[in-house]
Amino acid sequence: MIRGKIDILVVDDDVSHCTILQALLRGWGYNVALAYSGHDALAQVREKVFDLVLCDVRMAEMDGIATLKEIKALNPAIPILIMTAFSSVETAVEALKAGALDYLIKPLDFDRLQETLEKALAHTRETGAELPSASAAQFGMIGSSPAMQHLLNEIAMVAPSDATVLIHGDSGTGKELVARALHACSARSDKPLVTLNCAALNESLLESELFGHEKGAFTGADKRREGRFVEADGGTLFLDEIGDISPLMQVRLLRAIQEREVQRVGSNQTISVDVWLIAATHRDLAEEVSAGRFRQDLYYRLNVVAIEMPSLRQRREDIPLLADHFLRRFAERNRKAVKGFTPQAMDLLIHYDWPGNIRELENAIERAVVLLTGEYISERELPLAIAATPIKAENSAEIQPLVDVEKEVILAALEKTGGNKTEAARQLGITRKTLLAKLSR
């Protein structure tokens, strides 16, 4: 690493100490940013990629250990050095356990500081943990679960290549976020990232969007238009819901991928294009191939590198971090002083199955913030389907029959709606007839 290209974030609520460190580190050739609180540090880490964080332990609002853990959740690869005026073994051990690379005793020995900085940055290079050109947190990819770490590792491995990527996952799992992270971490990051949802357009419109059209090619084509392939030339083209395209479009897309050239609608001229293609789908394309609905040759072209998106229920340990992330965003947007969640509300969020995944969680938190009149989000502000989630003791050896679980949810919904069966059924997403049938079992 060239020092002039290394960005260091100093986190300390002592303004004078921050200023001294900034002058010192800049004198050594580093770029330095300052944060006077843990919350300020997190905001900066979300917006910018830092090569190293130097963080004080004792801070008023959010201490250094808590800040360290939150930063690691946002970007596990970033090296963090802890500063403490208290040379207790307990503090050092706690910091190292939380993910700190090393710790420094205040007042700082500047020679020791310089040596520790150089070792930390060298360690980053040696372990191959050179930070990508953009932090995962910038794209909303938040979490420290094994599933999330596996996904981030896949992104780091795949991004340097030009191999076509197929991202598979349920709706709301963040497939476009992964595509954006792949592009940002690739050698094409300074070139365009062009996105298109294939399911949102009919066949003729999709053809025009992908390949462009000549003036007069069809009714309404009053001028020549370049397609998404040409717009993405030199960069990345992300095609979402690729499993929804028609057989004719499958043929045209296959040709574009194989030949690396496209033709505008209404033209015989071919245009060479250089794009990194990333596709995504919620469908099982192997199953679609077996059923004759998707071309096998196109499937093999797309599925060079496969990335499987974990559902939110497969990484429940990330829910508190995600919920807090959305809470801060919507609290700021709505100008509300929200402090957090009640323990009961967080339990409900963790135990709910999230069929709509991260998108559903985001919507639920936005709704809760809008409805909130106090300082903490409780079960009252959560959507009924979540508030009615039964929470069983984790150590319970007995598996409760599904019919009993359904009845518990329905009874909770009825209690919340004052016994109104029609409203309870509506909020649970079932018909009144189904609700009555399940109650009578």
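Note: Cβ is positioned from N, Cα and C throughout, glycine not excepted.
Annotated features in Swiss-Prot:
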type: DOMAIN; residues: 7-121; note: domain 'Response regulatory'
type: MOD_RES; residues: ASP56; note: 4-aspartylphosphate
type: DOMAIN; residues: 141-370; note: domain 'Sigma-54 factor interaction'
type: BINDING; residues: GLY172, THR173, ARG329, ARG359; note: ATP binding site
type: DNA_BIND; residues: 421-440; note: DNA-binding region
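Listed as Cβ neighbours of the DNA-binding region (421-440) (distance under 8 Å, sequence separation of 6 or more from its ends, same chain) are residues 383-385, 388, 403, 406-407, 409-410, 413-414. Counting Cβ atoms from all protein chains shown, THR173 (ATP binding site) has 26 others lying within 10 Å of its own Cβ. Counted over all residue pairs in GLY172, THR173, ARG329, ARG359, the record's binders of ATP, the longest Cα to Cα distance measures 19 angstrom. A distance of 37 Å separates the Cα atom of GLY172 (ATP binding site) from that of ASP56 (4-aspartylphosphate). Cα-Cα distance from ARG329 (ATP binding site) to ASP56 (4-aspartylphosphate): 25 Å (rounded to the nearest whole number). Cα of THR173 (ATP binding site) to Cα of ASP56 (4-aspartylphosphate): a span of 35 Å.
Sequence-distant contacts (6 or more apart, same chain, Cβ under 8 Å) of ASP56 (4-aspartylphosphate) comprise VAL11, ASP12, ASP13, ASP14, HIS17, GLY64, ILE82, MET83, THR84, LYS106.
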